[in-house]
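Asker: Okay, here's the structure, questions in a sec.
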Amino acid sequence: MAKLFRAVIMGPPGSGKGTISERIAQRFGLTHLSSGDFVRENIAANTDAGVLAKTYIERGLLVPDHVMTRLLLPRLEEMTRHSWLMDGFPRTLAQAKALNSTCDLDLVISLNIPYETLKDRLSDRWIHPASGRVYNMGFNPPRVQGRDDISGEPLIHHDDDKPEALVARLRQYKDLAKPIINLYKSKGILHTFSGTDTDRIWPYINSLLSTKIPSTSQTDTQRIPMP
Ligand SMILES: Nc1ncnc2c1ncn2[C@@H]1O[C@H](COP(=O)(O)OP(=O)(O)OP(=O)(O)O)[C@@H](O)[C@H]1O
Ligand SMILES: Nc1nc2c(ncn2[C@@H]2O[C@H](COP(=O)(O)OP(=O)(O)O)[C@@H](O)[C@H]2O)c(=O)[nH]1
């Protein structure tokens with residue numbers, strides 16, 4: 001069997017983690033794991049961890065580390081036969097250390113996007129809450145305005161994505177991400193990409209991954225929903 005590939009994508013809110021993760025998943029056959037989607041699935045399924053997580057999300061807070069690690073790490077341990085890309089985790093140094101003790105990461109992508117760009121993108125971000133599908137009125141608009149392409153259900157705009165909330169979210173990201181980025185830098189697995197357009201950053205990420213992911217694993221792996 002080809003060597004498995006494990007990667008993490010980091011970046012501030014609106015930096016394109018979800019958009020780029022989808023492209024990577026399609027191009028390289030990695031399973032895209034999103035911590036936010038996973039939390040939402042647990043909330044919908046009313047699991048103990050989901051019920052607890054909801055109380056934090058409703059207050060606009062991060063879910064505590066012990067809840068996140070309890071939710072995610074057992075799932076990762078089960079994914080022994082799949083290459084994956086994790087989006088949204090780790091968000092704290094404690095989470096990064098817990099992840100370290102579960103698996104050896106091959107690569108970390110860090111997105112470095114100017115504040116003005118984030119502000120513009122998020123003020124135009126529309127989400128289908130049930131699936132987590134994301135649209136942007138200029139960049140990837142839905143086929144029917146205000147409606148999800150697949151389900152036809154209404155799209156929503158999060159209060160969190162308004163410019164007033166963004167400054168605080170960005171500050172929190174910077175504070176929490178700094179030690180994580182330093183950790184991955186010291187391990188020699190950090191790759192940072194800067195710019196204002198996903199379409200311009202993508203070719204660099206694509207060529208980096210082409211050198212790292214053996215071609216056999218690109219065909220051996222398949223996309224599966226998270227167990
Ligand atoms: N690794 C994590 N640690 C703590 N809380 C998390 C983590 N991942 C997700 N969450 C919780 O789930 C919520 C939704 O996560 P998700 O990543 O979808 O959206 P977000 O925080 O708006 O991020 P972004 O704007 O970067 O896409 C977060 O706001 C947070 O409360
Ligand atoms: N205008 C524009 N919007 C983009 C670009 N890349 C992503 N987006 C949109 O910006 C928003 C944030 O992207 P997303 O992938 O959700 O970022 P995340 O918060 O880091 O996961 C979404 O509405 C995307 O559709 C880009 O290059 N230009």
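Residue numbers in this text run from 1 along the chain shown.
Using N, Cα and C of the backbone, Cβ positions are placed for all residues, glycine too.
Not my notes, these are from TrEMBL:
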- GLY14, SER15, GLY16, LYS17, GLY18, THR19, ARG125, VAL134, TYR135, THR198: ribonucleoside 5'-triphosphate binding site (BINDING)
- SER35, ARG40, LEU61, LEU62, VAL63, GLY88, PHE89, PRO90, ARG91, GLN95, ARG169: AMP binding site (BINDING)
- 125-160: domain 'Adenylate kinase active site lid' (DOMAIN)
- 34-63: region 'NMPbind' (REGION)
- 124-161: region 'LID' (REGION)
Asker: So for ARG169 (AMP binding site), how many other CB atoms are inside 10 Å of its CB?
Answerer: 17
Asker: Other Cβ atoms within 10 Å is the metric here; tell me which of the binding-site residues PHE89, TYR135 scores highest.
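Answerer: Of the binding-site residues PHE89, TYR135, the highest Cβ count within 10 Å belongs to PHE89.
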Asker: Across all the protein chains here, work out how many other Cβ atoms are within 10 Å of the Cβ of GLY18 (ribonucleoside 5'-triphosphate binding site).
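Answerer: Taking every protein chain into account, the count is 21.
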Asker: How about long-range neighbours of the region 'NMPbind' (34-63): same chain, 6 or more residues beyond its ends, C-beta under 8 Å?
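Answerer: Sequence-distant neighbours of the region 'NMPbind' (34-63): 18, 21, 70-72, 75, 86-89, 91-92, 129, 132, 160, 165, 172, 226.
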Asker: From the binding-site residues listed here (GLY16, VAL63, PHE89, ARG125, TYR135, ARG169), select those whose CB sits under 6 A from an atom of ligand 1.
Answerer: VAL63, PHE89
Asker: As a quick check of your reading of DSSP, tell me how many residues in the region 'NMPbind' (34-63) are helical, how many are strand and how many are coil.
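Answerer: Going by DSSP assignments, the region 'NMPbind' (34-63) contains 20 helix, 1 strand, 9 coil.
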Asker: If we check Cα distances from GLY14 (ribonucleoside 5'-triphosphate binding site), which of the binding-site residues SER35, VAL63, PHE89, ARG91, ARG169 wins as closest?
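Answerer: Nearest in space to GLY14 (ribonucleoside 5'-triphosphate binding site), counting only the binding-site residues, is ARG169.
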Asker: Please report the number of other Cβ atoms within 10 Å of the Cβ of GLY16 (ribonucleoside 5'-triphosphate binding site).
Answerer: 25
Asker: Spatially, and counting Cα to Cα, which of the binding-site residues is closest to ARG125 (ribonucleoside 5'-triphosphate binding site)? Options: SER35, ARG91, ARG169.
Answerer: ARG169
